[in-house]
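Features of the protein shown, as given by TrEMBL:
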- 16-115: domain 'SMP-30/Gluconolactonase/LRE-like region' (DOMAIN)
- E18, D132: divalent metal cation binding site (BINDING)
- R101, N103: substrate binding site (BINDING)
- 116-191: domain 'SMP-30/Gluconolactonase/LRE-like region' (DOMAIN)
- D132: active site, proton donor/acceptor (ACT_SITE)
Amino acid sequence: MSSIKIECVLPENCQCGESPVWEEASNSLLFVDIPAKKVCRWDSLTKQVQRVTVDAPVSSVALRQSGDYVATIGTKFCALNWKEQSAVVLATVDNDKKNNRFNDGKVDPAGRYFAANRRSVYKLEKEEQIPDGMCIDAEGKLWVACYNGGRVIRLDPVTGKRLHTVKLPVDKTTSCCFGGKNYSEMYVTCARDGMDPEGLLRQPEAGGIFKITGLGVKGIAPYSYAG
């Protein structure tokens with residue numbers, strides 16, 4: 001991993017970027033900006049970004065086998081019609097709990113869309129800060145973005161051993177996924193929410209989308225919601 005390259009491919013200035021998902025059919029990266037209530041799609045070929053604004057904080061987005069996407073918006077599972085820039089509610093949970101929302105969501109190999117209000121916390125070294133979004137590579141190893149740690153780390157999920165650390169030029173790294181040709185690139189989202197003017201001067205790319213190449217490992221295609 002000596003030839004690792006890190007670049008900010010999209011200075012999006014997300015308040016809290018999350019849930020990166022690679023869409024191979026369009027060579028695009030999907031991601032959300034949770035408090036801005038936006039689902040975004042960045043075309044890696046044209047470098048253009050499209051955005052759909054929804055009516056509540058949106059915590060995750062996923063591919064759908066029948067086309068378009070699904071997302072967790074507030075406490076709702078929704079189907080996204082990208083062309084019409086609209087969302088249709090599929091299911092709602094926790095109607096009786098005020099100020100509640102989904103925190104994250106992923107599709108499993110069976111095509112089921114899982115979301116939770118709280119995520120599991122892994123025990124990491126002190127300097128890693130808060131473990132956040134994660135993905136798995138083709139070798140079955142786990143990659144975790146460390147919020148306030150400014151890094152993604154590779155772990156052996158069986159032994160818990162840390163295998164590699166990649167530092168980024170921003171502190172609030174939130175999530176990661178593999179994408180690009182043969183899923184040989186890693187994309188990392190991050191946040192800028194809560195940073196003071198001095199911090200933003202030190203980290204002007206905070207809230208951007210980063211691409212990491214030269215990791216020497218590949219990822220796997222994301223699963224699509226079967227509903």
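Note that Cβ sites are derived from N, Cα and C of the backbone, with glycine treated the same way.
Automatic prediction, not curation, is the source of TrEMBL annotations.
Taking Cβ-Cβ distances under 8 Å and a sequence separation of 6 or more, the neighbours of R101 (substrate binding site) in its chain are A56, P57, S59, G74, T75, N117. Other Cβ atoms within 10 Å of the Cβ of E18 (divalent metal cation binding site) number 24 in total over all chains.
Counting every protein chain shown, the Cβ of N103 (substrate binding site) has 16 other Cβ atoms within 10 Å. DSSP assignment over the domain 'SMP-30/Gluconolactonase/LRE-like region' (116-191) gives 6 helix, 41 strand, 29 coil. If you take the Cα of E18 (divalent metal cation binding site) and the Cα of N103 (substrate binding site), they are about 10 angstrom apart, rounded to a whole number. Here the domain 'SMP-30/Gluconolactonase/LRE-like region' (16-115) is broken down by DSSP into helix, strand and coil counts: 3 helix, 57 strand, 40 coil. Over all protein chains present, the Cβ of D132 (divalent metal cation binding site) has 23 other Cβ atoms lying within 10 Å. Looking only at the domain 'SMP-30/Gluconolactonase/LRE-like region' (16-115), the predicted model's pLDDT averages out at 91.
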